[in-house]
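Summarising the annotation, TrEMBL assigns 5-phospho-alpha-D-ribose 1-diphosphate binding site to Arg38, Gly39, Asp91, Asp92, Leu93, Val94, Asp95, Ser96, Gly97, Val98, Thr99. The feature Mg(2+) binding site is assigned by TrEMBL to Asp92. Residues or ranges marked as GMP binding site by TrEMBL: Asp95, Ser96, Gly97, Val98, Thr99, Trp137, Val138. The annotation xanthine binding site is assigned in TrEMBL to Asp95, Val138. Under the heading guanine binding site, TrEMBL lists Asp95, Val138. Sequence annotations record features per position, and here TrEMBL assigns domain 'Phosphoribosyltransferase' to 10-146.
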Amino acid sequence: MATNYATVTWDQLHRDARQLAEILIPRGPFKGIVAVTRGGLIPAAIIAREIDCRLIETVSVVTYDEEEQGQPMVLKAPAAAGDGEGFLIIDDLVDSGVTAQIVRQLLPKAVFACLYAKPSGKPLTDLFVVEVPQETWVLFPWDTAPLFIPPLARKGSTAG
Ligand SMILES: O=P(O)(O)OC[C@H]1O[C@H](OP(=O)(O)OP(=O)(O)O)[C@H](O)[C@@H]1O
Ligand SMILES: Nc1nc2[nH]cnc2c(=O)[nH]1
Ligand SMILES: [Mg+2]
């Protein structure tokens, strides 16, 4: 279980994805992008727009049920990307690195990039934008919703 949470807003995610696109441009041009579903889908869409790439393939790897890590399963292979030559793989983050390792085995010649990287997964990336401590759980905009919290002065109050 994580000891800390880091909330990423839509604005921050958009800025980080644009920054990743900027550092990816010198590594291109890319024939296509392979988005690691589901978390890589939105970052891949933002990056595809910035690097002017219209061919998007997906690979589906399921590892986590909420915060519990289980046995990774490939639900869909990235058939259109061959051995990955000329392709760019995009995921939202690497944590243990297990998902990245599986995807890299499927596409050994592709470039692997993600927005956020924890220390265990970092060596499996070619490029990332922000390092996050291992014990921090990243809350993406699609994981959260704004909710009412009472004013500090009323916290613990028994009246009203
Ligand atoms: O480095 P790892 O320890 O493998 O963790 C990273 C993976 O975990 C999350 O995906 P998840 O399995 O939760 O599926 P989702 O993208 O469909 O939400 C995240 O989107 C990465 O793909
Ligand atoms: N949302 C989210 N999914 C993950 N999958 C593996 N690590 C994480 C994390 O920190 N946040
Ligand atoms: Mg994922």
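Keep in mind that glycine also has a Cβ here, set from the backbone N, Cα and C atoms.
Heads up, TrEMBL stuff is auto-annotated, nobody curated it.
The structure, with features from TrEMBL marked on it.
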| residue | record | Cβ within 10 Å |
| --- | --- | --- |
| Arg38 | 5-phospho-alpha-D-ribose 1-diphosphate binding site | 13 |
| Asp91 | 5-phospho-alpha-D-ribose 1-diphosphate binding site | 28 |
| Asp92 | Mg(2+) binding site | 23 |
| Leu93 | 5-phospho-alpha-D-ribose 1-diphosphate binding site | 23 |
| Asp95 | 5-phospho-alpha-D-ribose 1-diphosphate binding site | 22 |
| Ser96 | GMP binding site | 16 |
| Gly97 | 5-phospho-alpha-D-ribose 1-diphosphate binding site | 18 |
| Val98 | GMP binding site | 18 |
| Thr99 | 5-phospho-alpha-D-ribose 1-diphosphate binding site | 26 |
| Val138 | GMP binding site | 20 |
Nearest-integer angstrom distance between the alpha carbons (Cα) of Arg38 (5-phospho-alpha-D-ribose 1-diphosphate binding site) and Ser96 (GMP binding site): 17
Rounding to whole Å, the Cα atoms of Leu93 (5-phospho-alpha-D-ribose 1-diphosphate binding site) and Val138 (GMP binding site) are apart by 9
DSSP three-state call for Asp95 (5-phospho-alpha-D-ribose 1-diphosphate binding site): helix, strand or coil? coil
Over all shown protein chains, what is the count of other CB atoms within 10 A of the CB belonging to Trp137 (GMP binding site)? 16
Using DSSP with the three-state reduction, classify Arg38 (5-phospho-alpha-D-ribose 1-diphosphate binding site) as helix, strand or coil. coil
Report, in whole Å, the straight Cα-to-Cα distance of Val98 (GMP binding site) from Asp91 (5-phospho-alpha-D-ribose 1-diphosphate binding site). 12
Conformational class of Trp137 (GMP binding site) under the three-state DSSP mapping: strand
Filtered by Cβ distance under 6 Å to ligand 2, the binding-site residues Asp95, Ser96, Gly97, Val98, Thr99, Trp137 reduce to Asp95, Trp137
Of the binding-site residues Asp92, Asp95, Gly97, Thr99, which sits closest to Trp137 (GMP binding site) by Cα distance? Asp95
Mean of the pLDDT scores, which run from 0 to 100, over the domain 'Phosphoribosyltransferase' (10-146): 96
